Ligand SMILES: [Zn+2]
């Protein structure tokens, strides 16, 4: 029986459109006997059934981002039998991705995320048609890509991409499933569906840069994006198959620490929205001129760029720091990262006072400088940005503070590659 | 009434997610609640929560699980036993 089914599968490529000659005299639908068996457990769900599966098999879904959200979203879409799956990401797999990006494996480190994700999806469902977009998503290619699909899933990790994807879906008239996760929190909604809002209806003005937290700074418990990504797959399947009530004009808010889901009622679409309103300012004609990084003041990558703020005369390199330590030049080595980061790894003989505490209570600085006002205070952090803020603060209080350029990441690069980086 | 904060905003309130607030009158507006929060609860970095009379961009206000846009925005009434949630939009993944 099973052998016969596998033989059937081998004879023709099992794509929904190519299933013609496997159609049975016993059925009136478009699924062949292999597909009936493969998807039987969801065919048995009355609200989904043959009609839902047929629609799903002939639908196309685009997953933008093959990270924490995209991993579970793409795997479930592949397994559920979407006709065409699109995958977008320009990054390569890194070791620190693997705790949450379960579509990638250790062997894939250093290779394209899209390629790795496509391989995993094909391993689950070889009958899947996959379109790979390894060059990422930008105002130049967004409309062209989005137009190839019925439903779009936003599984990205940054603010400018969220505006870009929402605008592209509005212009191309596609429903958008949008999920986000950080720390122990998750959010999910469907934009641009029927009378529901788009991303700009909810957030016409981008938040200040300081409110844009990243997974690489704030952390994320791996399973949280896994849950939200799974829910994104669910909403995409519902939209593509016409099942149930999509999460439009509503938002699901997940608090993992309390184990609580909240389902909230959102506003309808805003008639004066610049994207989806009655007289939109963002149109097909001007779309490719949009600059989303400038609009939000945030880069489209998860990378953190270090800016030199402190003058070079008030800085020292990691190699210079090592020399002072080895020569036992009297100094204080002040690490201004948050306590939970300091607990991961730190230089010996360093003192930890988080920047936030320094900002609140400058008296603490006095304590670390001991008796000698001239005692140099070498300030270090993870990447060398907060340390510069601390140096400015300390120097304004009359402390002889110097910035360790590039922080612990530079220490690992220049002095000791065995320092545990995170 | 109860004031909740989510999506990282609780960090501005000493990591406390839920505050019980006793109202002086039977009914106040969101605008008045924001003033009260600024004066009594907000421990640090006000600009991460407020902008002018309102919340900063990227914060949704929910009154009994309804978007405040549906309830009258700053004028939305709040009564005893109501639940107000301030939620910061997330972008990570
Ligand atoms: Zn809109």
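Cβ atoms are placed via backbone N, Cα and C, with glycine included.
Worth saying up front: this structure is predicted, and the values here are computed from it rather than measured.
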Query: Looking at TrEMBL, which one out of A:55, A:113, A:174 binds ATP in the same site as A:68, A:89, A:96, A:97, A:98, A:99, A:100, A:157, A:158?
result: A:113
- line: The correct subset of the recorded positions A:98, A:198, A:381 with a Cβ closer than 8 Å to some chain B Cβ is none
Query: For the recorded positions listed here (A:98, A:198, A:273, A:381), which one has the lowest count of neighbouring CB atoms within 10 Å of its own CB?
result: A:98
- line: Using DSSP three-state counts, the residues of the domain 'Rhodanese' (A:327-420) come to 36 helix, 15 strand, 43 coil
- prompt: Near ligand 1, which of the binding-site residues A:96, A:201, A:276 have CB less than 6 Å from any of its atoms?
  reply: A:201, A:276
Message: Measuring Cα to Cα, how far is residue A:98 (ATP binding site) from residue A:201 (Zn(2+) binding site) in Å?
response: 35
- prompt: CB neighbours of residue A:157 (ATP binding site) within 10 A?
  reply: 27
Task: Based on Cα distances to residue A:273 (Zn(2+) binding site), point out the closest of the recorded positions A:68, A:96, A:100, A:157, A:381.
output: A:157
- request: Measuring C-alpha to C-alpha, could you say which of the recorded positions A:198, A:201, A:215, A:276 are within 10 Å of residue A:157 (ATP binding site)?
  value: A:215
